[in-house]
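**Student:** Here it is: the structure, laid out below.
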Amino acid sequence: MMKKKSISASKASLVLFLCQMISALDVPLDLSQPPTITQQSPKDYIVDPRENIVIQCEAKGKPPPSFSWTRNGTHFDIDKDAQVTMKPNSGTLVINIMNGGKAEAYEGVYQCTARNERGAAISNNIVIRPSRSPLWTKEKLEPNQVREGDSLVLHCRPPVGLPPPIIFWMDNAFQRLPQSERVSQGLNGDLYFSNVQPEDTREDYICYARFNHTQTIQQKQPISVKVFSMDSLNDTIAANLSDTDIYGAKPVTERQPILLTPTGSTSTKVELRGNVLLLECIAAGLPTPVIRWIKEGGELPVNRTFFENFKKTLKIIDVSEADSGNYKCIARNMLGSVHHVISVTVKAAPYWITAPRNLVLSPGEDGTLICRANGNPKPNISWFANGVPIAIAPEDPSRKVDGDTIIFSHVQERSSAVYQCNASNEYGYLLANAFVNVLAEPPRVLTPANKLYQVIADSPALLDCAYFGSPKPEIEWFKGVKGSILRGNEYVFHDNGTLEIPVAQKDSTGTYTCVARNELGKVQNEVRLEVKDPTMIIKQPEYKVIQRYGQVSFECIIKHDSTLLPTVIWLKDNDELPDDERFLVGKDNLTIMNVTDKDDGTYTCIVNTTLDSVSASAVLTVVAAPPTPAIIYARPNPPFDLELTGQLERSVELSWIPGDENNSPIKNFVIEYEDGLHEPGVWHYQTEVPGTQTTVQLKLSPYVNYSFRVIAVNEIGRSQPSEPSEQYLTKSANPDENPSNVQGIGSEPDNLVITWESLKGFQSNGPGLQYKVSWRQKDVDDEWTSVIVANVSKYIVSGTPTFVPYEIKVQALNDLGYAPEPSEVIGHSGEDLPMVAPGNVQVHVINSTLAKVHWDPVPLKTVRGHLQGYKVYYWKVQSLSRRSRRHVEKKILTFRGNKTFGMLPGLEPYSSYKLNVRVVNGKGEGPASPDKVFKTPEGVPSSPSFLKITNPTLDSLTLEWGSPTHPNGVLTSYILKFQPINNTHELGPLVEIRIPANESSLILKNLNYSTRYKFYFNAQTSVGSGSQITEEAVTIMDEAGILRPAVGAGKGYSEILFATSPVMHTVRPTFYKVQPLYPRIRNVTTAAAETYANISWEYEGPDHANFYVEYGVAGSKEDWKKEIVNGSRSFFVLKGLTPGTAYKVRVGAEGLSGFRSSEDVFETGPAMASRQIDIATQGWFIGLMCAVALLILILLIVCFIRRNKGGKYPVKEKEDAHADPEIQPMKEDDGTFGEYRSLESDAEDHKPLKKGSRTPSDRTVKKEDSDDSLVDYGEGVNGQFNEDGSFIGQYSGKKEKEPAEGNESSEAPSPVNAMNSFV
C-alpha cells in the first residue's frame, strides 16, 4: 500500500519562530539598563558529594553588573574561603570539593545578587544538599514457608537516601524477576504475591536500590521462599500413616479478594498541582483478583489517566484542583470483591497568573507592574525594590503600591530600579524580577537590513521587524519602497512588529518596508520575501510483489522549484537502507538486485529542500516460486470425543481428540459453551488454548446447565464445531456480582430515576433474581431507604427536592441470598430551569466584524442542574449607514462549561447590535440578561452595485453608477481610474479622479474619438478603499473624417474634461508605446453561392498589411491558388467556383513570412438540375425560336425608324442600353445588387451613385478601386458588415418595389455604414 506525506519546513518552524520573536521591551545592551538574571541553579539543588559544586548565577545589564552572595541569610565572603571561587565576568560560584573540600560543609541556602547603578536583581533561594546513598542495615532474614494459594509480601525496606533510590528485584544471576497480575512490585518497593504457586519457590529474591546521583547500587540480603503444594504435603502424610488412617490435607481453596495495600476501607492522600498522582491497590485472592478504578461522582480525566503495574497503580499526570475527590479501587474475582476509597486533596504551590514584566518608560510616562499568583492555600504577595522589602526601601514619589500592583506616575530617570515580587504559601514560593527602566530613545530596528525570507507557496510567511524605542514606537508596513500601507484581513500584524502573511502566494514576492516612529524620530528597514513552488513527487513508488532472487525497482520522480536544491533519501522500514551492494540508488529510482526474503518491507522516498520535505512509500512483498507439486492446505477437521471429568461446584475439566490438521498446524482451540437453562441454542465464547493442548480446566458459574464444544483453528481458518459434550448442571448459589452501570438521573424536578443494567441469566447464580434498591440524600444524616423490586432495570423515587445529590446502590439477591455489598454511586434528582440571568454583561468591540462579550457567572445554586454552559443571543438592529430596519434574525452561540467570555464573529461593519446571555442546564435555558447594545466601527465598502457607460459621442462618455450594496460606513468619495486602449496596442497613462460621495454620474469630455477606454471604479470610507468594479467603452467614430494626431506627438491633443456638477477637471494624457504580442489573422468566415464565395477575416498587427487569399479543392493535393487582395481590406470574393464542390481557404499577409490564418472549409451551392431530353431537336422549340427572332427583327426596325425621326425616350432606357454592365441596375432574380445609394439618398430621392464619385462626407464609395467591389455581391449571399468593416453576415436585403417610368426594378440598401471604417 502506498503512502504519501508532505511536510512544509516553514509550517514546522512557525511555532518556534513565534516563540523566538523579540519583544518590544528587550532593551539593546548598548543602552543603560538595570540587571536581569539570565541563568541560575534550581531551587532544590542536589549535588554529587564527589564532584565540585557549581552554583550558577548569570546576569546582563548596562553597566555590567557586579555579583555578591548570601548563605543562610548572611553575607557570604568568598575571599575568605580558599575552596570557593567566582568565574570572571559572572556570578557563578565554583566550590572545590575534589581537592580536599567536603560537600557537607557547604550545605545551606544560597542567594545571588546582581547590581549596577540602575538597580539590583536577586536569584531564587538555592538550597544545596549533597546526595546520600547509605548502606543497608544488617538484618537476619528467616526463610518464608508458605502454603500454595496463600498471599505473601516480601519487604524491601531500602535505606533512606537523597534523592530516594529506585527499587527493583532481581535474582543471583542479575536477571529481573518476572512480574504479572499475580506477582508485582508496589510503590514502596515491596514484592507482593496475590497467591503463591509452587514455581515461586526459590532462595534468591534480592531487592536492589539504585542511587542515581552517586551511580551506586545497594543490595539487600537474599530472601528465601518455599511453597508447599497440597500434593507433596499429602504424600508426606501418607508415608507416615497406616492404610486404615484417615489422612489428607485440604485442597487449595479459592477465596475472595482482600487488600494487601492500602489497609482498611478508606485512606487519604495530598498531592500538589502539576505533579503526578499515583494511587495503588494490591489485592490477594484466588483466582488472582482484577483491579478496577473509578472516581466517585465523576469521570477519570481523559488523556491524563494511565494504568500501570497491571492496573494496580492509577497514574494521573498534571493534576489540578479539579482532580480532588474520592477514588475507589475495586478488586474482584469470581468469588467476590473488595474495595478501598482514597480521598485525594490537590493542593497547589504558588503559580503565576500574571508575572511582572520589564517596563520601559520615557520620562513623564505612567505604567504598572502587576504580580498575580494563585495557589492552595492562597499565596501571600510581597514586593521588594532592589532586593530590599519595599516598606523599608528608599521612597520614590512616582511609585504607589496597591496590593499585587505597583503604579508609576510621571516617572523620571531616577525611578529606574529592579522590583521583586514574591508569592509564597506553605508549599513553595515564586520569585520574579522586573525592572523599570526610564529612557528617552528614538526608534531603532533590530532586524538586519535586506534580510531574505524564503517560504513555500500557500504557507505562512513571517517578516520580522524587531524594534526598540522609548516611548514605544508605532509600526507600519509597506510593500515596496513607495507602496501603500498594508491593511486588510490578508495580513496579521503582531505586537512585536512582525508581519504575518497567513497564505503566501507567488505574487507576495517582493520587498517589504517596516517603519517605526515615535515622537523622537522615525526609522525604516527593508526585508525581502521570496515565495517558492512546493516540492512534489509526480511519480511515486508503487506496491510491488517480486519472486525471490528477482530484481525490483521503485521510481521517485520529483518536481521542485528551480532555485531549490533537492536531496533524495531512501529508507527501508523507516531506517537507513542496508549497507549492501545489491541496493542501487539512482537519480530518480531505487533498484534491488537478487531480492531475498529479508528485503520484504516498506520503502520510503524522502525529498528534502531547505524549505520543505515530501515523502512517498510503497511496500515490497517477496514471495517464493510456486511449489511443485502443490501441497493442498485446508481448514482442520473438527475435534471429537469430548469428555467431562473432575466435576466441581465451580470448575470442570474438558478433554478432546483433535481432527486432521490438513497440512497446516493447528494454532489453537476455541472452547464455547451453551446454557441450556437460560439461553438454549446460543453458544458463547468460553476460552481458548494453544494447539498443542487437548485438555483445559474450565471455571463455571452456579445455576447453569453447561454443554461444551471445541473448534480448531489453523492458518487457513476455523474448523466446523465438534459435537456437543454431555450436559453438566451446576448448583445454585448467592449472586457473585451486582448490577453494573448504576445511575441516578431525575426526569422531573421532583423525582429521581434509578437505572441499572440487569444481570444476565447465568449471572443470577440461582432462581428468584431480584434487586434491592437503596438511596439516601448525600451530606444529610438520613437513613438508607430501600425497596426490593422484581427483575427490572429501573425504579423511580418521587417527591425529591430539585437537583440534590443522592447516594445510590443496587444489590442483587436470589432465593439463596444476597450478593456482596454493592458500591455506592452518586446521582442527582431532576433538574429545573435556571433561576437567574448572568450579570455584568460587557461587550468589547475588537474590530468591525468581531466582538468579545464578558459576563459574570451565575451562582451554582441558582443553576438548579448540571451547568452545561451559556448561550449568547445577538442580532443586528440596524445599519448605521442606512438607518433602515430589517427583519431581525437572531443568532445563537453556545459556550460550554463555566466559561465567562466568548467571541462574536461575522458581524457587519458600522451596525448597531443587541445581545443577551442566558445560562443553560440539562433542563433548558434560564432567563435572559438585559439586552446589551453595541456598535461596530466602520469598514471598507463593497464594490459599487453597478457601473454603466452610456451616451457615447465623438469625444465624451457618460458614466452612471450605483452606491455599494454594503457601504460598511459613511462613504467619503469614489475613486475613478481609466486608461485608453486602442487597436494599435498603445496604452495611455492611468488617470485617477476622486468624486464626491453624493454623485451618481459623471461625464468625461474631450476624449479621443473611436478609442476604447477601460475604467476602474471603487468607493471609499474613512477606513479605506473597497473592491473595484471594471468596465470598458468606446467613443464613436469621427464622422467629419478628422485625422487622429500622431501618437506620442505631445501636442495636438485637446483637453479631456471630466465633468461632475459643479467641478471640472482637466488632464492632458501621455501615451506610451506598447508592442503587440504577435500579428494574427482570425475569425475567417465564408458565405458561398453556386459559383462564388465571400471571404472575410479579422486582422491584428501592424498597419498597411497587404493580404492574399489562397484556396483549393478540399482533400486535393493540387497547389493552392492565390488571389491578391487590393488595399488593406478584410474581405474578398472568389469567382469561377464549381457548384456543389467543397473548397479549402486561408488568408495570409504579404511580407510576413509563413504568417497565415488557419484553414476554413466551405461548399458551393448545387447547380440547378436540367432536363435529360435534348429540346434542340424538338419541333415546337424550333418554331418558338423562329417566332422570337421575327419579333425582335420587327422591334429593331421600329426603333431605327423612331431614332431617325429624332424621337425622345427615357434616360434610364438609354443607360440600360449603353451603360457599363457592372454598374447597370440588375433584376431581382439574377442574384446581384441593384444601384448603390448613400443613406441620405435612400431617404430622399434615391439618386443613383455616379461612377468615380467617392466623398467621405456623404459616405459614398468609389467603384474603380478593385474588381472585388461590393457591386459584385448578390443577395444570394446572406451577410452584413460589423463596425470595423469585416464581413459577418447578410450584405443586402430587398426593398419594396417602386415604379420607374412604367418599369419595375429591384433596389437594395447600400451598406455604407460598414464602409465608413475604410474611408
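Every residue, even glycine, has its Cβ placed from backbone N, Cα and C.
Because TrEMBL annotations are produced automatically, they should be read as predictions rather than curated entries.
The compositional bias 'Polar residues' annotation in TrEMBL covers 720-744, 1303-1319. The feature compositional bias 'Basic and acidic residues' is assigned by TrEMBL to 1210-1230, 1237-1247, 1256-1265. Residues or ranges marked as domain 'Ig-like' by TrEMBL: 35-123, 130-224, 257-345, 350-437, 443-530, 534-621. Annotation source TrEMBL lists domain 'Fibronectin type-III' at 638-733, 738-832, 837-939, 943-1039, 1075-1167. Annotated region 'Disordered' per TrEMBL: 720-745, 1210-1319, in sequence order. Marked as signal peptide by TrEMBL: 1-24. The transmembrane segment annotation in TrEMBL covers 1180-1201.
Help me see these features in their spatial surroundings.
**Tutor:** Long-range contacts of the compositional bias 'Polar residues' (720-744) within the same chain: residues 332, 334-337, 637-640, 642-644, 647, 649-650, 652, 654, 656, 672, 674, 676-677, 683, 700-711, 752-759, 763-767, 769, 771, 775, 793, 806, 808-820, 822-823, 825-829, each at least 6 residues beyond the stretch ends and with a Cβ under 8 Å from a Cβ of the stretch.
Here the domain 'Ig-like' (35-123) has a mean pLDDT of 92 out of 100.
When DSSP labels each residue, the domain 'Fibronectin type-III' (638-733) comes out as 0 helix, 50 strand, 46 coil, counted as helix, strand and coil in that order.
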**Student:** Below 8 Å between Cβ atoms, which of the listed ranges 35-123, 350-437, 837-939, 943-1039, 1075-1167 makes the most pairs with the domain 'Ig-like' (443-530)?
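**Tutor:** Answer is 350-437, with the largest number of Cβ pairs below 8 Å.
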**Student:** Considering only Cβ pairs within less than 8 angstroms, which of the stretches 35-123, 130-224, 534-621, 1075-1167 has the most against the domain 'Ig-like' (257-345)?
**Tutor:** 130-224
**Student:** Looking only at the domain 'Ig-like' (534-621), how are its residues distributed among DSSP helix, strand and coil?
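**Tutor:** Taking the domain 'Ig-like' (534-621) as a whole: 3 helix, 48 strand, 37 coil.
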**Student:** Count the CB pairs under 8 A between the domain 'Fibronectin type-III' (1075-1167) and each of 35-123, 350-437, 837-939, 943-1039, then give me the winner.
**Tutor:** 943-1039
**Student:** When the domain 'Fibronectin type-III' (943-1039) is classified with DSSP, how many of its residues are helical, how many are strand and how many are coil?
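**Tutor:** Each residue of the domain 'Fibronectin type-III' (943-1039) counted once, the result is 0 helix, 53 strand, 44 coil.
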